[in-house]
Structure formats: structure tokens, C-alpha cells
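Engineer: So Swiss-Prot says this about it:
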- Cys96, His99, Cys118, His124: Zn(2+) binding site (BINDING)
- 132-241: coiled coil (COILED)
- 282-494: domain 'B30.2/SPRY' (DOMAIN)
- Ala2: N-acetylalanine (MOD_RES)
- Ser86: phosphoserine (MOD_RES)
- 186-199: region 'Required for interaction with GABARAP and for autophagy' (REGION)
- 15-59: zinc finger (ZN_FING)
- 91-133: zinc finger (ZN_FING)
Amino acid sequence: MASGILVNVKEEVTCPICLELLTQPLSLDCGHSFCQACLTANHKTSMPDEGERSCPVCRISYQHKNIRPNRHVANIVEKLREVKLSPEEGQKVDHCARHGEKLLLFCREDRKVICWLCERSQEHRGHHTFLTEEVAQEYQMKLQAALQMLRQKQQEAEELEADIREEKASWKTQIQYDKTNILADFEQLRHILDWVESNELQNLEKEKKDVLKRLMKSEIEMVQQTQSVRELISDLEHRLQGSVMELLQGVDGIIKRMKNVTLKKPETFPKNKRRVFRAADLKVMLEVLRELRDVRRYWVDVTVAPNNISYAVISEDMRQVSSPEPQIICEAQGTISQTFVNFNYCTGILGSQSITSGKHYWEVDVSKKSAWILGVCAGLQPDAMYNIEQNENYQPKCGYWVIGLEERVKCNAFQDGSFHTPSAPFIVPLSVNICPDRVGVFLDYEACTVSFFNITDHGFLIYKFSRCSFSQPVFPYLNPRKCTVPMTLCSPSS
């Protein structure tokens, strides 16, 4: 019955907002009482300005000046906090669940409170046992030190949690700032830069989602980590405030839990290492895009012409060209001579379009290839055999106006050889900001020029051959070299 009365009293002095015993209780005109902190927080969220407010329970209006501290309720709460367990409940805690005897001893090896019968049992035989009063102070000091350590860890956990939230907010602000700048930069060139803007915004949005997702995960981990430490602290505080039995019962488990407490550092993302958008010179980009837009007006649908000389593998739609495996070449020749396998075989092939006048433009997809050569070739068919690695035939005087890639990163143009080495082409290393995955080729027959554009890098010019001598029809030229990944002629609609 006494327990029921205590429950009723506790309900009367419980805050309706936080559902805990009232702390610094304040009463309103309607008679309801709330914690001072809860009522203040409710004011800020419900009505931040001064004036009339309403009770969170009954909604009766009240004036802020009429709020008064309720010392009577505060005294009741204080008394309620001092109430101990009933004698019957205490007796249950003080007695061994197995033997019914009083728990007066503490086993050092098992870290358990035991009775005198437990001490004599096989389970505790030979163990060091002491009176509970003798070891209580020792464990009091241990748990007190552990509590201090956990409070420090709690502070560190809360600081880490605050840091990750601050970083999250900073990332959102920075991403929004970058997004605004991108939109402003491209506003002047909207009619020709829509595709560039879309690409940059997609990358930025992807970065935002990826980083914020990982930061959100870190934040959740930090919250869970902080909550775990709080719960352990609460358990320790309860033990330290309770009786000796409450302090020592299950102390082994609590100590193991404390030893397992480790704070995980959140994953962070230094802003100086992030991908930052760099707007190119808008005037230069405008000129580049205007030039690319102009030459794309002459886009022709190019396909390749099969022949019996080239060993290139051609797709059914006549758009993809790839290099076969060396073994296939040997089998085609009826021999598996190692000499022939090591010999560099011709995989160059012409486009089916014969060009004798006008302006012509096409694009070639070379993504994922480690080596390729492309451009234009004069004549009806490239030579069947030559040393590809030395590129002996790749010179304008031999009818080739081409550029190429080797070793995935080295981009070169091939000009006529010097006076001292006329048979070998002069290699012109090309500087490109981004290795091209897609190359545009523009041939102006009357102007005698062949230009190459890096479509991957907004269409910037890679190289231009001038004063070309077109004494006969010229054809688009592709050579996948030894890389078996195909190169693809793109359709005008792609």
C-alpha cells in the first residue's frame, strides 16, 4: 500500500514535458507545474516573443510575470529522492538466491557477493573471500575513478559529436556556395554552356550526397557512442548512490563494460583535398565552344570500309574497330611462328567516305583505350605491313595527318621527319589537361587543315595540321594498335 502511495505522489510531481521528477519546479496560474528548463524550452519553440502564452497541458493562457517557483513541490521531490527500498525488498537483495543465507562475503576471483554456503561450495573453493565491508571502499574508489574517466570520455564524445555536426553544416554551406558560383558563371553563356553546367552540377551534387551521407553515418555513430557512454555513467551513478549490495552485485560485468569503452573517431573530409570546381576563362571557353559549334555543323556519319589487308576486327554496324589477339593473326597466316607473333602487324583501316572537297567533321570514342591512332589518310589503302612501334609511315609526306595515344597518357602528333632522319616521323608531344575519351576530327579540304578537338575537355583544340597537301582523295583513318578495347565512330545524334 505504501508503495502505491509513493507511485501516486511521484505522478503528482512528475513534469508533463520531460516525464521526469520536477527540477526547479515552476507553477502557472492554472496549477500545473513544470521544470524550469522544460518550460523555458517550450517558450522558445512555441512562441519566442513576449506576451501571453498558454499552458502546455490545458492551454489556459498565462502571463510570464505570474510564473512562480513552487517550493512546496520542490521539497516533496527532494524527500521522494531520499526514499530507500522497503525492508522486504532490501531483505531480498541481501540474501543469496541459491541458499537463502545473508550475502556477507565477496569473492575476489569471481568478483561476486556470496554467502557462507557459497564460500564452502566447489564453485568458490580455494578462492580469496573477504567481508563485503572490507572490499567496498576499494571498489568504491575503482568505480569512482572509472566514473571520472567515463565523464571525460563523455565530454570528448560530445565534442566529437559537435565537431561532426559543425563540419556537416560547413559542408552544406560550402556546397551551396559553390553551386551558386557555378550558376552565376554559366549564366552569361547559357545558350552554349548548358551541357557543361549540367555536368559540373551533377558532379557537385554527387560529391554532396556522398560526403553528407558519410557524415550522416558518422553523426549517427557519434550519437550512439555518446548514448552508450551516458547509459554506462547512469548505471555507475545508480550503483554509487545505492547500498553496498547494489554497488557490488554484478560489479564484474560493469567493469568489463567499462574496459570495452573506446571512442571511435569520426571520418572527416579535409576541404583542401576535395574536388573544387575551377571555372575556365569564359572568353577562351566561349571561343572554343563557338569553334566546336561551328565545326559540328559539318558532322558526317562515318563508318569504316572492310578490306582484306588490315587485321582490324570490325563490328557488324561498321562503327567499332578493335585489335585482335596476336594468336588469331598467326592462325590466319597458317603458322604460330613466335617471330610473327612479336612482329607488329597492321590494324589501320580507312573510313568508307572518300573526301575530295568541302568541310567534314566526325567524332571517335576512345575511352578506356591505352593506345590508338586516328586522323585522315590519303590514298586508297594504308600499307599492309610496317613497324607500328616506330610509326615509320605516320608522316604527312606519306599521306597521314594523325595524332595518337600510347601508354594511356602520352598524346603525340606525327609530323614529317627531319633532314637527318627523313624516314622517321618527328614526334610532337601534346599537352592535354584531360586525357581524351572522345576526339573530334575536322577536315577542311579547301583550307588544307586537319584539326583535332578534345571533347572530354569541353572541346579544346588538341592539335592542328596546316598547309596539308591533299593531292588525292583522303579518308578517315583509325588504328586501334595493340589495344583490344574497341574505338567507336560516333553517330551525329550521339
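Each residue, glycine too, has its Cβ placed from N, Cα and C.
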Engineer: My understanding is the cutoff is Cβ-Cβ under 8 Å with a sequence separation of 6 or more in the same chain; which residues meet that for His124 (Zn(2+) binding site)?
Structural biologist: Cys107, Glu109, Asp110, Ile114, Cys118
Engineer: Based on DSSP, name the secondary structure state of Cys118 (Zn(2+) binding site): helix, strand or coil.
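Structural biologist: For Cys118 (Zn(2+) binding site) - judged by DSSP and reduced to three states - the answer is helix.
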Engineer: Please give the average pLDDT for the region 'Required for interaction with GABARAP and for autophagy' (186-199) in this predicted model.
Structural biologist: 62
Engineer: Among the binding-site residues Cys96, Cys118, point out the residue whose Cβ has the most other Cβ atoms within 10 Å, with all shown protein chains included in the count.
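Structural biologist: It comes out as Cys118.
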Engineer: How many other Cβ atoms are found within 10 Å of the Cβ atom of His99 (Zn(2+) binding site), counting all protein chains shown?
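Structural biologist: His99 (Zn(2+) binding site) is surrounded by 14 other Cβ atoms within 10 Å.
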Engineer: Secondary structure at His124 (Zn(2+) binding site) (DSSP, helix/strand/coil)?
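Structural biologist: Once the DSSP labels are grouped into three classes, His124 (Zn(2+) binding site) ends up as helix.
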Engineer: For the recorded Zn(2+) site formed by Cys96, His99, Cys118, His124, which further same-chain residues have Cβ atoms within 8 Å of the site's Cβ center?
Structural biologist: Arg98, Glu101, Leu103, Ile114, Cys115, Trp116, Leu117, Glu119, Ser121
